[in-house]
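**Q** These came from Swiss-Prot, pasted as-is:
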- 1-24: signal peptide (SIGNAL)
- 34-118: domain 'Kringle' (DOMAIN)
- N48: N-linked glycosylation site (CARBOHYD)
- 120-214: domain 'WSC' (DOMAIN)
- 218-325: domain 'CUB' (DOMAIN)
- N221: N-linked glycosylation site (CARBOHYD)
- N243: N-linked glycosylation site (CARBOHYD)
- N350: N-linked glycosylation site (CARBOHYD)
- 364-386: transmembrane segment (TRANSMEM)
- 387-461: topological domain 'Cytoplasmic' (TOPO_DOM)
Amino acid sequence: MGTPHLQGFLLLFPLLLRLHGASAGSLHSPGLSECFQVNGADYRGHQNYTGPRGAGRPCLFWDQTQQHSYSSASDPQGRWGLGAHNFCRNPDGDVQPWCYVAETEEGIYWRYCDIPTCHMPGYLGCFVDSGAPPALSGPSGTSTKLTVQVCLRFCRMKGYQLAGVEAGYACFCGSESDLARGRPAPATDCDQICFGHPGQLCGGDGRLGIYEVSVGSCQGNWSAPQGVIYSPDFPDEYGPDRNCSWVLGQLGAVLELTFRLFELADSRDRLELRDVSSGNLLRAFDGAHPPPPGPLRLRTAALLLTFRSDARGHAQGFALTYRGLQDTVEGRASPEDSTESLAGDPDGANASCSPKPGAAQASIGARVFSTVTAFSVLLLLLLSLLRLLRRRSCLLAPGKGSLAMGPSRGPGRSWAVWYRRPRGVALPCPPGDSQAEGPAAGYRPLSASSQSSLRSLVSAL
């Protein structure tokens, strides 16, 4: 009877340790693009060929390109992401990431990188436009100053969901039904530079680069479980005297925000985060006080974001991802992120982002509690096992010799094990001991595996 319980205990032990290790939980970032700027200047991925999945030409290492304009030596602070690697980057603000390649017979020594994961959220892709019928069936127009945001703004004012740029100067508007019947084209087909911005691509010949008009909007109500909010006029720079607001509502007990890009001109350009129900200021960031680099969790059911720029403000702006979390171990906001504890901070400066004195102690306390709980369960299981085994007044397990039922003869020596509450004591049985001869007759010899398990258990006591 004791052996099956012992084997069950040994099988449960790794499982309990695994559960204890998982008690802290983990958070996974949303599966979004690796790029949040339209030209991929923020790409920090690991593609090192000009094509996806090893297609195209291999890139040269940035620390071996000193003969060219850009190398790791020209980026000592790592601002452009260059270093002792050969990953695609965009150090000069070109229309998309690129890399140096071994010079070809045509004298070409660099190539653009086709990176499927480097398309800013809100960009839906490159599509064929044959003109009959047009890929997007709404109104259209042309401009010699066309940028992505100029087209987005035009279609937003017309009340359409989608905006498409083509051939560097043409803009088309459409709806979701147009996209459903659209024909995707290779991403590299949309390679025409926008007439109004040298760092943006505006489709190609007979190719539409299609965007959601919500990109760079100045207001909106967001209820999707997760998504992205851009500063006004994005991917262009935000303009002066902007006063914009967005509402995130009913996404969960906790909201998690992560700033993927934050570049404001100065301290007079400011982003505020407020609880909708109370109006309390939760956080505030500006050009002099940027947000923390990691996820920011706020205990609020609905959040109001307000952005204001002064009369001179011009900068790239911001891009943030959000997602709603339930009030569980995985999504629980820390006390300093709660609405009540932040309501008294009118400035929203960086002091509100730093950990409070009790945060580390609370985290340690939680870990200690989970550890004590797990080992309490292990102790209860061990005590239950000992109670079952206590029915035997003596278990005989020989040493290196053969099993002897009774007094030891020869080099082997018998052992009598008395289990008492709450622990066991192992003592050698002297020759002729009644404990070794009497009760042993009522029990079968232990198997080799049981002897090994018992020996391990005794040594641990």
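We number each residue from 1, going along the chain as drawn.
Including glycine, each Cβ sits where the backbone N, Cα and C put it.
Since this is a predicted model, take the numbers as computed values, not measurements.
Tell me about the setting of these features in this model.
**A** There are 16 other Cβ atoms within 10 Å of the Cβ belonging to N48 (N-linked glycosylation site).
Mean model confidence of the domain 'WSC' (120-214) amounts to 93 (pLDDT, 0 to 100 scale).
Note: the domain 'CUB' (218-325) comprises 0 helix, 60 strand, 48 coil (DSSP; helix = H, G, I, strand = E, B).
Around N221 (N-linked glycosylation site), the same-chain residues six or more apart in sequence whose CB sits under 8 Å from its CB are W246, V247, G249, listed in sequence order.
The 10 Å shell around the Cβ of N243 (N-linked glycosylation site) contains 11 further Cβ atoms across the protein chains shown.
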**Q** How far is it from N48 (N-linked glycosylation site) to N243 (N-linked glycosylation site), counting Cα to Cα, in Å?
**A** 42
